[in-house]
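For 7-326, the entry in Swiss-Prot reads domain 'Helicase ATP-binding'. The ATP binding site annotation in Swiss-Prot covers 42, 43, 44, 45, 46, 47, 48, 49, and the record cites sequence analysis as its basis. Feature annotation from Swiss-Prot assigns [4Fe-4S] cluster binding site to 148, 166, 175, 211. Feature annotation from Swiss-Prot assigns motif 'DEAH box' to 254-257. Annotated phosphothreonine per Swiss-Prot: 875, in sequence order.
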């Protein structure tokens, strides 16, 4: 790759950098060289991530070379000085060099690259793989939910349950994957030169039968660059657990427009009355174990840690009872709005139960011991896992992290907000039914019928989180994003010294972007999505007509962003009732942003595939949602974006009210903080800027930006838009009549298609990967958890297949990445003949050749159906079946029921979902997940479920179709079971 000298450092860049990229890299290198901090804004599509990685790692590589030369010189000098004792001198010189080599690369800083989501981190790692620095040591830290490969853990619902199950197995030394980490961590496949993202770690872990989650931690110490989400970086406990050392480190905070909120959240905490009540019950439970074991054999087991006494438990229980009494006594006069108290009130509340700065560390240590004790004790019962103790420990750690010498700062930066919690009696009953609570003592039981409280300790000063980071003695902090402006208030709120700052222009020219404010719809109804107008049916209809007209002009992908989910749902319902939904769908298939992670994955797959259709597709999403924050809609995936309104935070939300009040109270001319109103408006505009940034993704991209809200004409709103967007709107932006906009938009796309080089689609990669990696021809099972019918009046309903292991769909940057042909059919858009199956798609392995002969196609009388099934399993052998045709009489079955299992994966799943109930389908998905990584036991479980769910004659065709999903070693047994079932019913 070409080498460029930037700020005196050789930087390898994939091409000759543009001026904006060179300016950006120069600022980065100056920060690293001088050990200072920087706040750098560069619009989405200017190559920000690539510039950031190349400049940072270019400086690191130069520093490594300098250190290596210094080390060689030192070794040479020492050997020269010790020539009098040649043998000893050489040995000592080698020893010193070895020690130096282990000491954190002897002064070479490590790079910590943090972003908001794993989706963004994966995109960054993909950029790194394309650079000359792809051979540098890199690791990504992920959660158990993403990295764990233990089938028992992955069967658990919810991240907290997975964490607890993992901890139980690790503590009991029963996780074979974790036990292999020590012996496999130096394996060439794991320590190889290639950069491994989440997906790569999982694949290597499965191949080596080694835990990817714990193995990734082993790479941190030797990595040149470590990728992680914000919470891993800002949470001291997470840093310790993941062995993250920040001293002399370079910290990069990418997508930093969220950093203020994340810093505030990292210093905030919540406790409920029910949390304390459960903690009391848990302590009582442990005390009972202690009491019963004093007169008999230890009932809890000899391996449980007992480095605490019954006196410790008694004292803790007394404190918890007092804390429960104090929390329940908090006065909340207005149940709807709650009650707000100064920060000191939290310390008074805890002080009533004798929780103080002085004993905080001791109590937290005791709580950690109790959690470990309960985890071991609950291995068999799985009733108590110490979750309440963890909540209490978090509360104490966060509240008492603020030392007494900064209490004046705490008092103006924090507030206590109390709310009413639902009846503790109902919660207690629910918990008791699941075995979570014991009977407890009389005091706890007597308070169970009282109304509980939720106590929030909210931080409104993001400087607290940044101060913790700076106190670790990092070398440099680089905060960067496409939407940081205005920079001065941001820097003031974060309270960090900033030596370098930058606001870059965009690299695209005027002919590549069309930006317009649409103040009225085709019917001349004003488009304004304020609170008063959102229920106006004329406005909603006009907005739908606007989207319909735009969908007729925009080629390929159209993105439509709404201010909130309620507004999106309201519009969808109204358009379905009026027929507008069907009209838009006839132009472009519509995809809605789902709120669940699993559904989101499959929806994005379907959207990317639909883009290949000549009509393209329309994706309706929400500002601040996953689509607006983390996804890339380059080229055909997003040719236009419609912003339907300004996504202001809820005006009456207590946290919003208190944040505005905090800014007004603490704002001075010197600190340049925003006013409460300015912050409120900026929150909406930053979300808009993020949504707009999904479209223009690179130098040769083009697209239209349509702001469909009359309020965008206000000068205050325009000034908060990204600088490059303001340049396209002009000095005095005004909305234009709808007719001219339609003509201009049509002309814009016509000109762009003629003058701008269209992207060349690369060969696609298979979406789904195999489970059985030993043999290429072995069958694979992707997890199937839920299929959801999208709302709509058209006859082409869309189905969403959720896939927990297909998280890489969130990372799809373009249609170049995805080509599963069955998604088009799943959406009901193509009724064409099926194409040849993709051998890498597990559903395409439905390769048992089946022929059906209907001897009575023209009548409704008794039908005879002949099946000839050629077994695909090389291990299958049954002389009784051989090549002999099997005849089966099917009495009085309607013509519509004579059918085979659908060939395509999506159609098959749609068929299954349509004929069984939701509980059966949920069990079906779980059984497939278990079978995916399990052995004979999991096959037996799956087989029993299939016979139960699909054993009826009318569903037998689905049971036959399921054979195609099985691993080769289980097909023979499946055939025997199926033959027995059919013989019994003849």
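The backbone N, Cα and C atoms fix where each Cβ goes, glycine too.
Feature map: Swiss-Prot annotations on the structure.
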residue	record	DSSP class
43	ATP binding site	coil
48	ATP binding site	helix
148	[4Fe-4S] cluster binding site	coil
166	[4Fe-4S] cluster binding site	helix
175	[4Fe-4S] cluster binding site	coil
211	[4Fe-4S] cluster binding site	coil
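Here the Cβ of residue 148 ([4Fe-4S] cluster binding site) has 27 other Cβ atoms within 10 Å, regardless of which shown protein chain they belong to. The CA atom of residue 175 ([4Fe-4S] cluster binding site) is located 46 Å away from the CA atom of residue 43 (ATP binding site). Non-local neighbourhood of residue 43 (ATP binding site): 482, 504, 505, 506, 693, 696, 722, 723, 724, each in the same chain, at least six residues away, with C-beta under 8 Å from its C-beta.
Cα of residue 44 (ATP binding site) to Cα of residue 211 ([4Fe-4S] cluster binding site): a span of 36 Å. Each of the binding-site residues 166, 175, 211 was assessed for Cβ neighbours inside 10 Å, and the highest tally belongs to 211.
Counting only residues at least six positions away in the same chain, the Cβ atoms of 123, 124, 127, 254 sit under 8 Å from the Cβ of residue 49 (ATP binding site). Under DSSP, residues within the motif 'DEAH box' (254-257) fall into helix, strand and coil as 2 helix, 0 strand, 2 coil. The CA atom of residue 211 ([4Fe-4S] cluster binding site) is located 34 Å away from the CA atom of residue 48 (ATP binding site). In this structure, the C-alpha atom of residue 42 (ATP binding site) lies 36 angstrom from that of residue 148 ([4Fe-4S] cluster binding site).
Proximity of residue 47 (ATP binding site) to non-local residues of its own chain (separation of 6 or more, Cβ distance below 8 Å) is seen for 17, 18, 20, 21, 507, 698, 699, given in sequence order. Taking the Cβ of residue 46 (ATP binding site) as reference, residues of its chain lying under 8 Å away and at least six apart in sequence are, in sequence order, 18, 20, 21, 24, 482, 504, 506, 507. Taken together, the residues in the motif 'DEAH box' (254-257) have a mean pLDDT of 88 on the 0 to 100 scale. Looking at residue 166 ([4Fe-4S] cluster binding site) and residue 48 (ATP binding site), their Cα atoms lie 38 Å from each other.
Listed in chain order, the extra residues whose Cβ falls within 8 Å of the Cβ center of the ATP site residues 42, 43, 44, 45, 46, 47, 48, 49 are 51, 482, 504, 507.
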